[in-house]
Each structure stands twice: as C-alpha cells, then as structure tokens.
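What Swiss-Prot lists as active site, proton acceptor is K67. Positions annotated as shikimate binding site by Swiss-Prot: S16, L17, S18, T63, N88, D103. What Swiss-Prot records for D79, G128, A129, G130, G131, A132, A223, G243 is NADP(+) binding site.
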Amino acid sequence: MPVSRYAVFGHPVAHSLSPAIHADFGKQTGIALDYTAIDAAPEEFTAALERFAADGGKGANVTLPLKEAAFALSASLSDRARVAGAVNTLVRNDGQWQGDNTDGAGLVRDLTERHGLDLRGRRVLLLGAGGAARGVAPALLEAGITEMVVVNRSPERADALCDALGEPGRVVSRYLEDLRELGDFELIVNATAAGRDRDAGAFALPLGLVNSLTAAVDLNYGATAIAFLAWARSAQCRYAIDGLGMLVEQAAESFALWHGVRPQTDPVYDALRARDAVLVSAD
C-alpha cells in the first residue's frame, strides 16, 4: 500500500516542528505517512499546492503567511474556518481542497487542559489581526471570555476582524497607541510575528495591562517567542506560555481530520520540551 502524503506549507518553514510531530503521531497510531515541510512564498502557494495534490497529497497544514490564501483557494470551508477567514488545515476530497482551522481548538485545549486555565469571564487582549489571530479568536469567544480587545498595527485589519466575528458587544478594536488606556486583562495573546527579529524592545508593553491573574500567551514557539515571554515575566504575569502546546494540540486536531483518530498529545509535547533547549528557555 502506498504511503499517504501530507505536508506543512509556509514561508519560511524549515524551522517547523510539524513533520516531527506528525511522525510521532503516526508511530503512536500505527499509521504510515509521509509528512514534509514545503516552503512556498505567497505568490507560489497555489502552484505548489497543485503540484502537491498531483503527487498524491492527501492533506496539508498551512502556517504563516499563507493561512488567508489557503482560505481563498478552498472549495469548501468548515464553520470555524469561515468565521476565522483563515485556514490552517486542508483535506483533499473528491479532487478538491476542503479548508478547516484547528488553531483555536488547539489553543483552548492547551490552555484549559494542559495549563488548567478557566477562560470563562476573562477579559482578553489580542495583539494582531492576521491569520493567526483570526484562527484563535472564535474559539476564545466560544470558551466564554467576557470581552476581547483587538489591537493591530494596521487598525483597518483589526476592524475587519471585529466585524467578521460579529459580536460587537464583546469584541472591540483599539489603536496601538491606546494601550495605556485599556485597563488590565486576564489573558494577553500575542498573535503577531514581531518576535522573529528577537528584539526585546518589540514588546515594551505597558505594565498596567497586567493584573494578578494575567496569563500571557505567545502563539509562536522557540526563539520567536522569547521576547514576548521575557516581557511577560518582567511584568510578573502569573503565566507565561508559548505556542508549543497549541502547536501540538492543533496538529492532533488536523491528524484526526485526516485519519479519523485523535492521538495522545502529552507524550509528544513532553518529548519536544525535553529535547530542545530553545523550546525550554521559551517556556
């Protein structure tokens, strides 16, 4: 029997842990699969995905900066992908790509089950309004948060995200320069890529955003998360959490969509933490 082909698309993508995660899931469940990382710039993504499908690709994950492009080329969409306006999981069915988004489910599962957080009643600051932010915002609302304030370098994108979520009573956008006037939050989520240059000054956020319960969460992991988590610790946030757990949980959701079985995530998460010093330092 030929081995099924899967991949993660991004730009850049060489750093991705997804191939290792899905290889571990395959061993755990006894499912033979070939999962690789494919670097595709936005203008090359459609052609790269077509080649992948022609070569027998059955499913794909999509990371920055391609999630909104994946949304646009999906022949059909899950409800959560439609609300998010972004796709991180593609399933090949009847010669077409079906788009889904497992990011939000992965984040909520990591925060509530791995870290034991109760999201109900929390006031949330969401930094960013791109594909990553769009992926997690609907799931946070479903988890019972009280209010979400979206702040983005481009106010128009923040407004567009708020409009797409369709809950004006709970979701508002604010300007970056207004951060000092926003009050404090129980959850601060960094959904930007500002930490990629590892500049600690990129997250010189006001200390007034933090209260005694604040959990600061970076959707990135590894070196990219270090600057934001350093700020979180200096601000004495109760929790400083990187995106590794979310990555593993969203991968498990994708795996279940493709194979019909949800793998155990704790062994994979623990193994990744144990083997990589950068990941440990970003925890």
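Placed from the backbone N, Cα and C atoms, the Cβ positions cover glycine too.
Among the listed binding-site residues, namely D79, D103, the Cβ with the most fellow Cβ atoms inside 10 Å is that of D103. On its own chain, G130 (NADP(+) binding site) has L64, P65, K67, E68, A86, N152, R157, A191, T192 as residues at least 6 apart in sequence with a Cβ closer than 8 Å to its own Cβ. Closest in space to T63 (shikimate binding site), of the binding-site residues given as A132, A223, G243, is A132, taking the CA atom of each residue.
Each residue in V8, G10, N61, V62, L247, Q250, A251 lies on the same chain as S16, L17, S18, T63, N88, D103 and has a C-beta within 8 Å of the C-beta centroid of that shikimate site, without being one of the site residues. Pairwise Cα distances among D79, G128, A129, G130, G131, A132, A223, G243, the recorded NADP(+)-binding residues, top out at 33 Å. N88 (shikimate binding site) counts 32 other C-beta atoms within 10 Å of its own C-beta, drawing on all protein chains shown. Taking D79, A129, A132, A223 as the binding-site residues under consideration, the smallest Cα distance to N88 (shikimate binding site) is found for A132. Listed in sequence order, L64, P65, L66, K67, E68, A86, N88 are the same-chain residues six or more apart from G131 (NADP(+) binding site) with CB atoms under 8 A from its CB. Cα-Cα distance from D103 (shikimate binding site) to A132 (NADP(+) binding site): 8 Å (rounded to the nearest whole number). Sequence-distant contacts of S18 (shikimate binding site), defined by Cβ-Cβ distance under 8 angstroms and a gap of at least six in the same chain, are V8, Y35, A37, N61, T63, L247, A251. With respect to their backbone Cα atoms, L17 (shikimate binding site) and G243 (NADP(+) binding site) stand 12 Å from each other. When the Cα of S16 (shikimate binding site) is compared against those of the binding-site residues D79, G128, A129, A223, the shortest separation belongs to A223.
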